[in-house]
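J.: Okay, so Swiss-Prot annotates it like this:
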- Asp128: active site, proton acceptor (ACT_SITE)
- Gly12, Arg73, Phe74, Gly103, Asp104, Gly105, Ser106: ATP binding site (BINDING)
- Arg22, Gly23, Val24, Val25, Arg26, Arg155, Gly186, Cys187, Glu188, Lys212, Lys214, Lys215, His216: ADP binding site (BINDING)
- Asp104: Mg(2+) binding site (BINDING)
- Thr126, Ile127, Asp128, Arg163, Met170, Gly171, Arg172, Glu223, Arg244, His250, Ile251, Gln252, Arg253: substrate binding site (BINDING)
Amino acid sequence: MIKKIGVLTSGGDSPGMNAAIRGVVRAGLSEGIEVYGIYDGYLGLFQNRMMLLSYCSVSDIINKGGTVLGSSRFPELKKDMIRSVVMNNISKSHLDALVIIGGDGSYIGARRLSDLGCPCIGIPGTIDNDVAGTDYTIGYFTALETIIEAIDRLRDTSSSHQRISIVEVMGRYCGDLTISAAIAGGCEFVIIPELKFQMQDLVDKIKLNISKGKKHAIVAITERICNVFDLAQYIENETGKETRATVLGHIQRGGKPVAYDRILASRMGAYSIELLLKGYGRHCIGIENEKLVHHDINDATKYMRRSFRQDLLTTAKKLC
């Protein structure tokens, strides 16, 4: 019988997390469940910092970026001694289950606590869109809008100065944001971690475009592939074209969530309560073909793989 649960946000924040918190709280209250907000992710659970949330506690947060509960990375959770303290705090607080909003690292933490007997439901909250078992993660579409706005502005100045602009996009090891940004932003080149990248190949393509009369270009690249400032210098040296690199950085994580992220987060938050009431307690939520689904969190973190969007890449290559 689920009477009292905790909700936390973990790892990198993403726009829409507040909407998910709101969804969990209000759906829980509608079923007579007490919901406690745990501050700063797993760290707050370790330190036993939590507060009872009411209907009014989550008023006026659906439109806010970030997370009102705070977030953190807490790799110490992998230690047996730390997990023992966490489980003791869960027991002392009489929490029957946890709802954990975050990325794949947060899911691993949820899996570990589930293994120790605490029912956990994972909700995918990350702009990277790199979580298995879901087409989209909370925050992805808002981050994409932020990136497109930046690319549009860079195109204005790149066109004026006839220069090449490199835009580094977040995503870790997933190129979804970069591919989508390249299509929506009209980028001339796209570089993602899923495909092998050679700087000289890019230079050759830029030279070909220049020979065809192209006077400026935008290159979208996922983070961690290379040093974009070194890449800019290499391109400038090889082509003679002024080249500048822009790292969008953490600005991509901020801002008011767009409507789709608010709706997705609200649906997933409410669905987490539905799953707990049905007896699920080792699962993560996803959306596939616009329908909410759930998967065993062990499968999602160990065996399932995020499907690569070859269709988007094919489109990007045709248009770039």
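Even glycines carry a Cβ here, placed using N, Cα and C.
Looking at the shown structure, can you explain where the listed features end up?
T.: For Asp128 (active site, proton acceptor), the Cβ neighbour count at a 10 Å cut-off comes to 28, with all displayed protein chains included.
Remark: Phe74 (ATP binding site) has Ser10, Gly41, Tyr42, Leu43, Phe46, Gly109 as non-local neighbours, by Cβ distance under 8 Å and separation of at least 6 in sequence. Look at Phe74 (ATP binding site): DSSP puts it in coil.
Using a 10 Å Cβ-Cβ cutoff, Val24 (ADP binding site) registers 31 neighbours. According to DSSP, Val24 (ADP binding site) sits within a helical segment.
Annotation note: Asp104 (ATP binding site) sits in a helical segment as assigned by DSSP.
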J.: In three-state terms from DSSP, label Arg172 (substrate binding site) for me.
T.: coil
J.: Whole-number Å distance between the CA of Val24 (ADP binding site) and the CA of Arg253 (substrate binding site)?
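T.: Computed Cα spacing between Val24 (ADP binding site) and Arg253 (substrate binding site) is 22 Å.
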J.: Where does Ile251 (substrate binding site) sit in DSSP terms: helix, strand, or coil?
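T.: DSSP assigns Ile251 (substrate binding site) to helix.
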J.: Quick one: what's DSSP say for Arg244 (substrate binding site), helix, strand or coil?
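T.: For Arg244 (substrate binding site) - judged by DSSP and reduced to three states - the answer is strand.
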J.: Tell me which of the binding-site residues Met170, Ile251 sits in the most Cβ-dense spot, judged by other Cβ atoms within 10 Å.
T.: Met170
